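**Student:** Pasting a structure below so you can have a look.
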C-alpha cells in the first residue's frame with residue numbers, strides 16, 4: 001500500500017494539471033527506490049496537532065468535569081473542515097480501549113456507562129473538550145482525545161484523577177479469600193471500586209502501610225510498605241510498593257485494595273443505651289431516613305469530612321469500626337485512621353448511617 005500510494009502521488013505531481021491538494025499531511029511514506037530509508041512527503045496542506053492538558057484533571061464522585069482538548073493546523077488553515085472527534089478511555093490492564101464518545105459536527109453518540117453523561121464542549125474554535133457529568137468512581141483514568149480529518153489522525157491523552165481514599169478490605173471469611181472477580185464485587189458492595197496502581201501509589205505516598213497483598217484494577221497483586229520489616233518482604237528492601245505481578249484472576253486469592261471518593265451525603269452515628277444488634281442497627285438507620293453506611297462511605301467521611309467518633313458502630317458488611325482524626329487516650333493507636341473490631345457474631349454496638357443530601 002505505501003508503494004502504491006507513493007506511485008500515485010508522484011504521477012499526480014508530475015502531470016500537467018494543478019498540483020494535488022486535499023489539506024492533509026502524510027508522514028512516513030516509504031521510499032523503496034534506493035536504500036530502504038524513510039522519507040516524509042508533504043502535500044500543500046498542513047499538519048494536524050491535538051493538545052490536551054499536560055497536568056492531571058482532578059474531580060470527585062458526583063461532580064461535573066471537563067477534559068480539555070483543542071486542535072489546530074501547522075501552518076494554520078482558515079477554511080472550515082469537517083472533522084470527526086473520538087474520545088476513548090484507556091484501560092488499566094492495557095486491553096482494548098473503552099469507547100466513550102464519537103462526534104461529527106454537532107452529532108454525537110456516547111457509549112456504555114457514559115450514555116447520558118457526556119457531551120462535547122465546543123465553545124471555542126477547534127475545541128473538542130469532553131464534559132462528563134455525575135462523575136463515577138470508575139471514571140478515574142486516562143482518556144484519549146482523537147481528531148480525524150480525512151486520512152489524517154492525531155490524538156493526545158489527558159489524565160482524570162478522582163480525589164479519594166484507598167483502603168484494604170478483607171471479607172468476613174478472613175485473609176486471602178478473594179479471587180479477582182470477588183474482589184471487584186466486594187469493593188462495589190462497599191461503595192468503592194478496585195483501586196488502580198496510581199491510586200495505591202498516591203495512598204502509599206500519603207502514609208498507607210499494609211502488609212497484606214491485595215488485588216488492583218489491572219489484575220496485579222501488590223501491597224504498600226512504608227516501614228520495611230521481616231514479614232513484609234524483609235528488612236533489606238526499601239520502602240515502596242511490593243508487587244506479586246499479574247495473578248490468575250479465577251484461581252489465586254488475596255485481599256482487595258478498594259478506592260472510594262468524596263461523598264454527596266453525610267455519615268452520622270446513632271446509639272442506644274443498651275447498644276444494638278446488626279439488624280436493629282439497620283432498622284435504626286431506616287427510621288432516621290437513612291441507610292446503614294458502607295465501609296467506603298465511612299472512610300470517605302473520615303478523610304474528607306473529618307468524621308471523628310470514638311464509639312464503635314456497625315457497618316453494612318457486618319463489621320464494627322470507628323473513625324479517628326484526632327488520636328487520644330482510649331481511642332486506639334497514636335495515628336489517625338479507621339479502627340476495626342472485625343466481624344463480631346455477637347455484641348451490641350451503635351451504628352454509622354449514611355444519608356444523601
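Glycine residues also receive a Cβ, built from the backbone N, Cα and C atoms like all the rest.
All TrEMBL annotations are machine predictions without curation.
Got these off TrEMBL a minute ago, pasting:
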type	residues	note
DOMAIN	46-158	domain 'Ig-like'
DOMAIN	165-260	domain 'Link'
DISULFID	211-232	disulfide bond
DOMAIN	266-355	domain 'Link'
DISULFID	310-331	disulfide bond
**Student:** Taking only the Cα atoms, work out how far residue 331 (disulfide bond) lies from residue 211 (disulfide bond), in Å, as a whole number.
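**Tutor:** That comes out at 23 Å between the alpha carbons.
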**Student:** Count up the helix, strand and coil residues in the domain 'Link' (266-355) according to DSSP, in that order.
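**Tutor:** Output for the domain 'Link' (266-355) reads 20 helix, 26 strand, 44 coil.
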**Student:** Identify which of the disulfide-bonded residues 232, 310, 331 has its Cβ surrounded by the largest number of other Cβ atoms within 10 Å, counting every protein chain shown.
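**Tutor:** When each Cβ's neighbours within 10 Å are tallied, 232 tops the list.
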**Student:** Please report the Cα separation of residue 310 (disulfide bond) and residue 232 (disulfide bond) in Å, rounded to an integer.
**Tutor:** 30
**Student:** By DSSP, how many residues in the domain 'Ig-like' (46-158) are helix, how many strand, and how many coil?
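**Tutor:** Summed by class, the stretch gives 6 helix, 60 strand, 47 coil.
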**Student:** Tell me, what is the mean pLDDT of the domain 'Link' (266-355)?
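**Tutor:** In the predicted model, the domain 'Link' (266-355) has a mean pLDDT of 97.
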**Student:** Within its own chain, what residues at least 6 apart in sequence put their Cβ under 8 Å from the Cβ of residue 211 (disulfide bond), listed in sequence order?
**Tutor:** 223, 225, 229, 231, 232
**Student:** With helix taken as DSSP H, G or I, strand as E or B and everything else coil, how many residues of the domain 'Link' (165-260) land in each class?
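**Tutor:** Output for the domain 'Link' (165-260) reads 22 helix, 30 strand, 44 coil.
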